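Asks: Take this structure, written in structure tokens, and hold onto it; I'll ask about it next.
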Amino acid sequence: MTVKIKPAKGSPYARILGVGGYRPQQVVPNEEILKHIDSSDEWIRSRSGIATRHWAGPDETVTEMTLSAAGKAIADAGLTADQIDAVVISTVSHFKQTPSVATEIAHRLGAGKAAAFDISAACAGFGYGLTIAKGLVVEGSARHVLVVGVERLSDLTDLTDRSTAFLFGDGAGAVVVGPSDEPHIGPTVWGSEGDKADAITQTVPWDDYRDSTVEKFPAIRQEGQTVFRWAVFEMAKVAQQALEAAGITADDLDVFIPHQANMRIIDSMVKTLKLPEHVAVARDVEFTGNTSAASIPLAMERMLATGQAKSGDTALVIGFGAGLVYAAAVVTLP
Amino acid sequence: MAHTSEQVLEGLADIVNEIAGIPTEDVQLDKSFTDDLDVDSLSMVEVVVAAEERFEVKIPDDDVKGLKTVGDAVDYILKHQG
């Protein structure tokens, strides 16, 4: 017998209510990287714009970094942990796959029996998580959703690979998404291009270790030119589509927060998108390196903390990375 | 319409000038992009994309590595232009 099923009662719209970040204590300058590769500070800066990155110490685990960032985001939202109904964590560098990080976070935060799960969407992880969170809030399965991007990419860095040794950093960035009477998160333009899976990959799959002689821990390897071309020119189109989907133009933007992969990508995207001068552009990569899923919320937090952006500003966020995957949306800053 | 060798060189010189700030007169057939003109691997991608648009050619990533000199790029574009 087919019966009429009562749907959940969601909010008409959703918004980002708060943001928080955690950067590990150890700041690693380019000089430290140069102990392992034949390069120079000038070369690294000219190719990437990166001057420093943060590396996590033994106690700065994925879990601990997440707890710190999440606590700040919940406080920034004016909430307490018991008001969080769902925890969504994006990471590619948590090496214990079962159970998920999210369940431990929900428990230790004091979020009761919040739904909790991890997602794997690399550097697009924040946008993927944000989209899931918005859906949960609007559909009604959750009222407040914690979304965290967290990485310890130093664990997946080959310090002898002169094309990637300087790129990656560690950290966590979190937001809380909750109900709103007005739309403050625009439509997500997202997708995947699995035909370009080789452009950014983990060098060795974990199961190769089971009974083989593989000795070197895996690292992230990428085809620099392929990624650069895709990130700048294809992602500029995606960014443009996200603006159009939200019914605005670049002139209406206050802030642009692209994934902090590389300053050259950011600069070229800004040029390709012809962003007006008044748009503040996130350039946290200089200080934090590429922290994959954590980079957008970390950059958002820094811009709000330093006054480069303010609450209520209209921002375009776009993440892109291994998969290849991407996600872009216009949001109102918390 | 097919471009002549001179037109392609001139167009490439404009592109390299705009992207890397190299004087157009320095962009000669025998010059190496990296060694002589200081066009790094990422700027090279921007040069290639601009050249694709200007000359209506497709230059896949795998072929970009083979374009060592300005002359290599001119030859490639002449051979592949629509």
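Glycine residues also receive a Cβ, built from the backbone N, Cα and C atoms like all the rest.
Just lifted these from TrEMBL, have a look:
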- A:Cys123: active site (ACT_SITE)
- A:His259: active site (ACT_SITE)
- A:Asn290: active site (ACT_SITE)
- A:117-194: domain 'Beta-ketoacyl-[acyl-carrier-protein] synthase III N-terminal' (DOMAIN)
- A:243-332: domain 'Beta-ketoacyl-[acyl-carrier-protein] synthase III C-terminal' (DOMAIN)
- A:260-264: region 'ACP-binding' (REGION)
Asks: Judged by the number of other CB atoms within 10 angstroms, which among A:Cys123, A:His259, A:Asn290 is the least packed of the active-site residues?
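Replies: Comparing Cβ neighbours within 10 Å for the active-site residues A:Cys123, A:His259, A:Asn290, A:Asn290 has the fewest.
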Asks: Of these active-site residues, A:Cys123, A:His259, A:Asn290, which are close to chain B by the rule of a Cβ under 8 Å away?
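Replies: The active-site residues close to chain B: there are none.
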Asks: Mean pLDDT, the domain 'Beta-ketoacyl-[acyl-carrier-protein] synthase III C-terminal' (A:243-332)?
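Replies: Summing pLDDT over the domain 'Beta-ketoacyl-[acyl-carrier-protein] synthase III C-terminal' (A:243-332) and dividing by its length gives 97.
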Asks: Expressed to the nearest Å, what is the distance separating A:Cys123 (active site) and A:His259 (active site) at their Cα atoms?
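Replies: Cα-Cα, rounded: 7 Å.
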Asks: With DSSP as the yardstick, break the domain 'Beta-ketoacyl-[acyl-carrier-protein] synthase III N-terminal' (A:117-194) down into helix, strand and coil residue counts.
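Replies: With helix first, then strand, then coil, the domain 'Beta-ketoacyl-[acyl-carrier-protein] synthase III N-terminal' (A:117-194) has 23 helix, 28 strand, 27 coil.
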Asks: For the domain 'Beta-ketoacyl-[acyl-carrier-protein] synthase III C-terminal' (A:243-332), give the DSSP counts of helix residues, strand residues and coil residues.
Replies: 36 helix, 23 strand, 31 coil
